[in-house]
């Protein structure tokens, strides 16, 4: 448990976040303010927010733990698994979403294919986000319980109260701006941790030498590319095909909570620049997250659970003050994941379900209210379902697996939707439905198809590939769209220019 | 400059001002935490981290206030 100054810092951080978030209430007067921050935010804030929401507290601990167990190959997730996809998103995809004045990714799919594709994609994301909420509330409560000694229920309710209040009132502006603070604190605390850890292990060369003598299981710890028959979940084939080609692109281009941030930019230049700036910042993440995990191999050898590596390093290496600040950043990471889910789910529900199916053509204030009420309802669902997470310890992994079911198929229809004019509404719909079904099938019978324990990278690759094949086959047999229907929705070299007439 | 652009500029500056204040306060707390450190290296780490946070926060406040002053004059 934390004590003294560190305890005070965590409390001050939570209260400060609440006050800061509530301050942004004065900037919310319409649904565009609530869902897209009034399209007025600068690239640097959005770029920082993308990085922070991508690397939440659970990932922070998890990636360090994986670096402890498997070495630097886990860094692929932030290098080849993020940077190329973010550049592709910046130059090709974001301009389409931006110029089309869209709020959600399913909205693009609806315009490009049909309403059914939009609804299926939107409902899938809403289900995923709603399930994830309970898990994140539980994780926040456990963290507060361990650090501060608060009972679980008080921890859940206080997390929900703080995050709920500022997301309800401040919308996405509060979400992004609280992320900026977290980013600054995470980077300063993270670099302090790396510097002091290096000092503790006697420098980089000394650490490499020590790890090399620790046994055969550490032989590949400094190989960024792992052989195809590795026991780790990161063989080079999975990294190249599953991660670089599919999951990274699907996450950076097809994930509502990421893309929605870019759409809050003050103009198209800022929208693109936010992704490019985010990709530059992303390259530092492995240094902050992975290195402490590696150094823990020397400082705390033989840990049964690698996920303990980072918290142990923070407690044993950082001085008073920075310990509290880093744990506050952890907590803020969880809050950031929760507020992103709340706001993105409210946007998806209001724009893709409520507006087209429940009440068309209402005034803007009405949709703003619906977005806010949806946020409250989601909050209640998240709090009510959070204890379920404690009954199923593997639920976080299960939810991440669920994400790999639909990332591949959704990316396949997004990719062909933009780059292949011949792709039709039936092609898109069948690729989405069959692709998701195939991913579920592969996961259920994974022992028969794969040799590694957790083949989520392979599953996303094969479901993506099947999605592409189905889309091409069905589209070739069905009626194609007219040129007018495709206006502004398919690739044109004009997207690379400043020409607004696509 | 149009009124909308001026309002957007003021809004951005007000946001930066609030963020800067928050970061500055935390910088001061980390600097204060120096008195709880035991070794020289811990002392220096808290000092550098605290001063960095204070300069980032202070810089944001200074820039935001200047911008607000300029935009309001227009």
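Backbone N, Cα and C define each Cβ position, glycine as well.
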Query - Annotated range (TrEMBL: transmembrane segment) out of A:275-297, A:344-366 - result: A:275-297
Query raised in the report: For which of the residue intervals A:426-444, A:483-501 does TrEMBL record transmembrane segment?
Result: A:426-444
Report task. Among A:209-227, A:456-474, find the range that TrEMBL records as transmembrane segment. Result -> A:456-474
Requested in this report: Examine the transmembrane segment (A:234-254) against the transmembrane segment (A:6-24) and state whether at least 3 Cβ pairs sit under 8 A, considering only residue pairs 6 or more apart.
Outcome: no
Query raised in the report: Are there at least 3 C-beta pairs under 8 angstroms linking the transmembrane segment (A:367-389) and the transmembrane segment (A:426-444), leaving out pairs fewer than 6 apart in sequence?
Result: no
Report task. Taking the transmembrane segment (A:79-98) as the first stretch and the transmembrane segment (A:180-199) as the second, find out whether 3 or more Cβ pairs fall under 8 Å, excluding pairs closer than 6 in sequence. Result -> no
Report task. Please figure out which one of A:150-168, A:180-199, A:367-389 racks up the most CB pairs under 8 Å against the transmembrane segment (A:275-297). Result -> A:180-199
Requested in this report: Using a Cβ distance cut-off of under 8 Å, indicate which of A:6-24, A:44-67, A:150-168, A:180-199, A:317-335 has the most pairs with the transmembrane segment (A:367-389).
Outcome: A:150-168
Query raised in the report: Same chain, outside the transmembrane segment (A:317-335) by at least 6, Cβ under 8 Å from its Cβ: which residues?
Result: 2, 4-10, 13-14, 17, 52, 55-58, 60-61, 136, 139-140, 143-144, 147, 159, 162-163, 178, 181-182, 185-186, 188-190, 192-193, 196-197, 200, 299
